């Protein structure tokens, strides 16, 4: 027998029969073995045929297996085809020629198994198979196609295998309702009604609802709310994954796609093919000698034989379609723009019920409004309605987890009970009866409280679950009513709408009343998603604090100046300006189109300009390293400017992004410090103009980075020598005049060096004054606290006398260099000598070390 003219599936079926013979210890390959092989290898073929003929495939398989088991067992021989099996395969070859096929397929073998007289033909006839019905089923399966390749069976029912029927999905309630988008759906219907080139392509940003428009079309077709020429049409969504998966041989992918196209063509306009991410077809399957998948579609698309809807993003359309003009002209563009906030709110209101039934919680209307407003303000790299839906979904999931978990009060009581029980066991051993009685009494009280709490929690949970079950039932009944209305069963519609639904609504109302009565003023379970839950999710996503402030945080913000003064000594004007900006932001009064605040700090070196930025970062994020610091001395050359936003295409480092833009994309809520701006190239200021004005910056990949939640601080030593010389003139009487005059002159210097359009965008320009001796002494105290803390970690206690502090203040005071000499003085006079004394054991580290001054230096004693 020559198996070269058999399809791959037919060869596999015969091989399966051989394997079965060997595994059962038999020798002759009987028709029963071949039928077993056909049913195992060609499930899609036999299942379709058995279904069409009303046969029970599982029952047939059991009878065949019993027949195989009854065949004689022979050991040691080579498997061979029995006379009947040989006749079956010969007959199958004959049938393939009769039908005009090039290869013997599984249907030919099945037809031969029925017509060649054997026990198997009897089994098939008894199960209800006749030759005429089998031939009809084969024709229906093939849809008029001939077997022209060895993988032909893979292409039967190709739409069922490689596409998803959206009409069926809508009919069974698997698709979410589509709210709005009427204009876009109308445009799609208009294009689909054309004679040729009737292929709309939906183009829009990710998450704007392109796929939802096609789902909306499927819903409309189901309701009959479409023009006459589109009524009863089927919408199939092409599954690219299934199309490519398992295509091992060259040309197999193209063959599958061709069979899908042919099936759509044969429907004569009854099938509309939806290709999501259509750009994946351009270049798919292309290789040595193979044709691009898009080229297979082109002829059918141009002639109007294939009605298809594509969906892709703007970027992908430009990248793939605009290069291929022949493909581009076959599609008509439907622009899908991001909906505005009002449209998005109505979309979320329409979806609310679906999410409530899924999560078994209620979603308040203010949560929907908050989801839209907060997502459009703070999540700028994604699009509505997708990001707002995600917020609502996650907030509901979070609340559901809390509902299913034990309430916090109950958990605390349970932990306390466990702790007391452990204590009681320990005291039992000591035989301390009075203590045992006290603990026993406390335990009994706590257990009573726990019992009542548990009962209340369980009761609330039971009532909530009952409400949600009723809501799910309502949704199912509404779906049933819609189905009955489509089928014209108006009696059932009336029974559901005016009977069952009203009864369930009443039941929900009664249960809610009961729940409210049980909860009173204090509910144990929170059952509603509110705006605060949404704000909490936004904070987790972005790190931006948008949730309501606790009282402790309000107090902290009101006394922010004191917090900052713990690290920065003096400079009241600067601290007040920064604190006001932070308070405006947290109170929701900042301009939403600009950064929280932008400042230029001027002054001599070492007066606290950079330290204030660090102190602010520590206050906001509990970690000063959360500050994004850009040292402008690194940007002195013109070409180095590109490092801020990323190298242009074609240059090394293009994929890495910019130092500034990447830092803010990852941490949108941060303090950005541009240190020593006078050292930067003038072109850097051009880049910063749009950051200060619009709170946005476009990086090298065209992504817009949002700076609206950043505090921008720039420091400069400009005019420091002038400030220094002026401060020497200070005396008690003329202090205010000299400071004002100095500020005026420094501002003039700033205007000469930095362009007016840049300075005009800065919120406040603040001059830091040189530090006085009193302030230097405070800085010494601050730094000594740090030293004491460090020594305490090593078990050494350090005490400073006033004389020692005064000495360090004197040697550390240098008006020209600010506070930096203090650190050097502490290192030189205190730490260096102390380390020597500790190593030589001149001082006892187990006792407190007292540091005093003799006027020339520091002395150490215990």
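Heads up, the Cβ atoms here are built off N, Cα and C, so glycines get one too.
Positions annotated as ATP 1 binding site by Swiss-Prot, on the basis of similarity to another entry: 204, 205, 206, 207, 208, 209, 210, 211. Taken residue by residue with DSSP, residue 204 (ATP 1 binding site) is part of neither helix nor strand, so it is coil. Just so you know, the Cβ of residue 204 (ATP 1 binding site) picks up 21 other Cβ atoms within 10 Å once every protein chain is counted.
Mapped onto three states, the DSSP output places residue 603 (ATP 2 binding site) in coil. Feature annotation from Swiss-Prot assigns ATP 2 binding site to 603, 604, 605, 606, 607, 608, 609, 610; the stated evidence is similarity to another entry.
Marked as coiled coil by Swiss-Prot on the basis of similarity to another entry: 389-520.
Swiss-Prot lists 3-144 with the feature domain 'Clp R'.
Taken from Swiss-Prot, the feature region 'Repeat 1' applies to 6-71, supported by sequence analysis.
Taken from Swiss-Prot, the feature region 'Repeat 2' applies to 81-144.
The region 'NBD1' annotation in Swiss-Prot covers 157-338 and rests on similarity to another entry.
Marked as region 'Linker' by Swiss-Prot on the basis of similarity to another entry: 339-543.
The feature region 'NBD2' is assigned by Swiss-Prot to 553-770.
What Swiss-Prot lists as region 'C-terminal' is 771-862, and the listing cites similarity to another entry.
Averaged over the coiled coil (389-520), the predicted model has a pLDDT of 77. Taking the centroid of the Cβ atoms of 204, 205, 206, 207, 208, 209, 210, 211 as the ATP 1 site, the other same-chain residues with Cβ within 8 Å of it are 212, 313, 336, 338, 383, 386. A Cα-Cα distance of 53 Å separates residue 204 (ATP 1 binding site) from residue 604 (ATP 2 binding site). Comparing CA positions across the binding-site residues 605, 607, 608, 609, the one lying closest to residue 206 (ATP 1 binding site) turns out to be 609. Among the binding-site residues 210, 609, the residue whose Cβ has the fewest other Cβ atoms within 10 Å is 210. Nearest Cα neighbour of residue 208 (ATP 1 binding site) among the listed binding-site residues (605, 607, 609): 609. For the region 'NBD2' (553-770), the partner stretch with the highest count of Cβ pairs under 8 angstroms, out of 6-71, 157-338, 339-543, is 339-543.
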